Amino acid sequence: MKIATYNVNGINARLPVLLRWLTETAPDVVCLQELKAPQEKFPQQAIRDAGYSAIWKGQKSWNGVAILGRGIELAETRSMLPGDDQDEQSRYIETIVNGISVGCLYLPNGNPVPGPKFDYKLRWFDRLITYAASLLETHTPTILAGDFNVIPTNLDASQPERWVQDALARPESRAAYDKLLELGWIDSLRKLSPTQSIYTYWDYYGYAYQRNTGLRIDHMLVNSELSEQVLEAGVDRHVRGWEKTSDHAPTWIKLSRQFTNPVG
DNA sequence: ATGCCCCAATGTTTGGGA
């Protein structure tokens, strides 16, 4: 079974790239971020025609998250992060599929620092830490996947010095990410590649992809019950080289468990 | 230090991204 996460940077602008990638790699479950579309503008039919059902939480212009399931209907278990009923930004959606709890998240960017956007990022992170701690108590195989907007260590940026003052690498952001790991969440890609520089994002400008000046900011955190089933983890970096592509590349893990759906 | 590029909106630019 393969689970992936992909910040598409506009679901409608990215539809041809998304469909091409789905057809090419046939992931079983896909977490999407940055739909940049209101609820009614999600391209449900095109995705269904490609063999995937979807649940999504849209928002006009910004944010927006979705989960796709290959040949299986998904039941939404949650569509916002607990802890702030006033939060109107669409940044979390969750389902349970094939016995795995799947949380799809788009953490705030937080720039500029300091400022209200950075404060919001840290508050959102605090809510995530609280909720993530409660998830561990269920002992259900669980994954939290998405764009965390955090460069966890200097190994995760090609030019770490450039990001020192940035919300993606600020000590407060890194400390919050570290807190998740201290709770027991496991960074799948880093566990399988402890010393390798792996990037999931490259700037549109400055030929960043061609120069491989990237960041690792999309993460797949698993609990111990799921970690023991992770066989492989990787990034489909070639997708970043396609026409009209996102600035992020799809990131995935392969599990030992079989994906059982009506289609097979 | 700044811009570069790209998206959505109802634009002839702006805000947001990272």
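Keep in mind that glycine also has a Cβ here, set from the backbone N, Cα and C atoms.
A TrEMBL annotation is a machine prediction, not a hand-curated record.
Take the Mg(2+) site that TrEMBL assigns to A:ASN7, A:ASP147, A:ASN149, A:ASP247, A:HIS248: the candidate from A:GLU34, A:GLU40, A:GLU182 listed for it is A:GLU34. Under the DSSP three-state reduction, A:GLU34 (Mg(2+) binding site) is assigned to coil, being neither helix nor strand. Taking A:ASP147 (active site, proton donor/acceptor) as the reference point, the recorded positions whose C-alpha atoms are within 10 Å of its C-alpha, out of A:ASN7, A:TYR106, A:ASP218, A:ASP247, are A:ASN7, A:TYR106, A:ASP218. Sitting within 8 Å of the Cβ centre of A:ASN7, A:GLU34, A:ASP147, A:ASN149, A:ASP247, A:HIS248, and not among those site residues for Mg(2+), are the Cβ atoms of A:ASN9, A:GLN33, A:TYR106, A:TYR201, A:ILE217, A:ASP218, A:SER246. Cβ neighbour count for A:TYR106 (active site) (all protein chains, 10 Å cutoff from its Cβ): 27.
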